[in-house]
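S.K.: Can you read through this structure? Questions will come right after.
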Amino acid sequence: MPPNTLISSKDLISYRKEMACHILLFALLALASSRVMASDPSQLQDFCVADLKSPNAVLVNGFVCTPPMHVTADDFFFSGLDMPSNTSNQLGSKVTQVNVNQIAGLNTLGISLARIDYAPYGHNPPHTHPRATEILTVLEGTLYVGFVTSNTNNGNLLFTKMLKKGDVFVFPEGLIHFQFNYGPMPAVAVAALSSQNPGVITIANAVFGSNPPISDAVLAKAFQVGKDTIKYLQAQFWVDNN
């Protein structure tokens, strides 16, 4: 609007509304652009088979690529997921991971797999995958599964479900979750995860089995129990079923 121009109140209101629309449009475009820039980049090649022996592997978010002329079909292959794993441990479960460390061709593809075997009344204890959402499919048996939300005004909400053969359940990325075999027969499930290397943090192992141990004073205060209870828990052998 030109300077030194007399305008009516009606024109002023219309001008302000127009400016507000422009500002809102600009804000929405900026937000959309920031979301695009923050997402993972698209593949720039057909594949990037991980060079697991490269000394430079720790310098990138993932692994450096094997030269394409050295890639074979075996870099995209894994065998044996049909075989049951040994569940004779304190947890009564075993996780067979199929991620970039087993299939080098998964590097940069953002997906992996796992088979979980459960002995009767065995369980996959509360844990989290810091880099992946998990979708679990029950192949045999019956599982009681669930996840807990992050802190909210209503506390940490628990979502649970009884699953039977053929059922599917999703565990959102980063949230603590578990599976328990309620049945007297073994159970089997397959999990797909949205990362080539989802990572796993087993809660009890991390809290009570860290090396070096977390101060008993810290844990006693956090769990509101005596130090003797913490020392007892830290003295246990915390099984890793992965």
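Placed from the backbone N, Cα and C atoms, the Cβ positions cover glycine too.
Automated prediction, rather than curation, is the source of TrEMBL annotations.
Dumping what TrEMBL says about this protein:
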type	residues	note
BINDING	Asn124, His129, Glu134	oxalate binding site
BINDING	His127, His129, Glu134, His177	Mn(2+) binding site
DISULFID	Cys48-Cys65	disulfide bond
DOMAIN	79-231	domain 'Cupin type-1'
S.K.: Between the Cα atoms of Cys65 (disulfide bond) and His129 (oxalate binding site), what distance do you get, rounded to the nearest Å?
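M.R.: About 25 Å separate the Cα atoms of these two residues.
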S.K.: I need the neighbours of the Mn(2+) site defined by His127, His129, Glu134, His177. Which other residues of that chain put their C-beta within 8 angstroms of the C-beta centroid, in sequence order?
M.R.: Thr128, Ala132, Phe147, Phe171, Leu175, Ile176, Pro198, Val200
S.K.: Would you mind checking how many other C-beta atoms are within 10 angstroms of the C-beta on Asn124 (oxalate binding site)?
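M.R.: The answer is 28 other Cβ atoms.
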S.K.: Taking only same-chain residues 6+ apart in sequence, whose CB is under 8 Å from that of Cys48 (disulfide bond), what do you get?
M.R.: Gly62, Phe63, Cys65, Asn107, Thr108
S.K.: Name them in sequence order: residues not among Asn124, His129, Glu134 whose Cβ is within 8 Å of the mean position of the Cβ atoms defining the oxalate site.
M.R.: Ala114, His127, Thr128, Ala132, Leu136, Phe171, His177, Ala191, Leu193, Pro198, Val200
S.K.: Taking just the CA atoms, what is the gap between Asn124 (oxalate binding site) and His177 (Mn(2+) binding site) in Å?
M.R.: 9
S.K.: How many Å lie between the Cα of His129 (oxalate binding site) and the Cα of His177 (Mn(2+) binding site)?
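M.R.: It is 9 Å, counting Cα to Cα.
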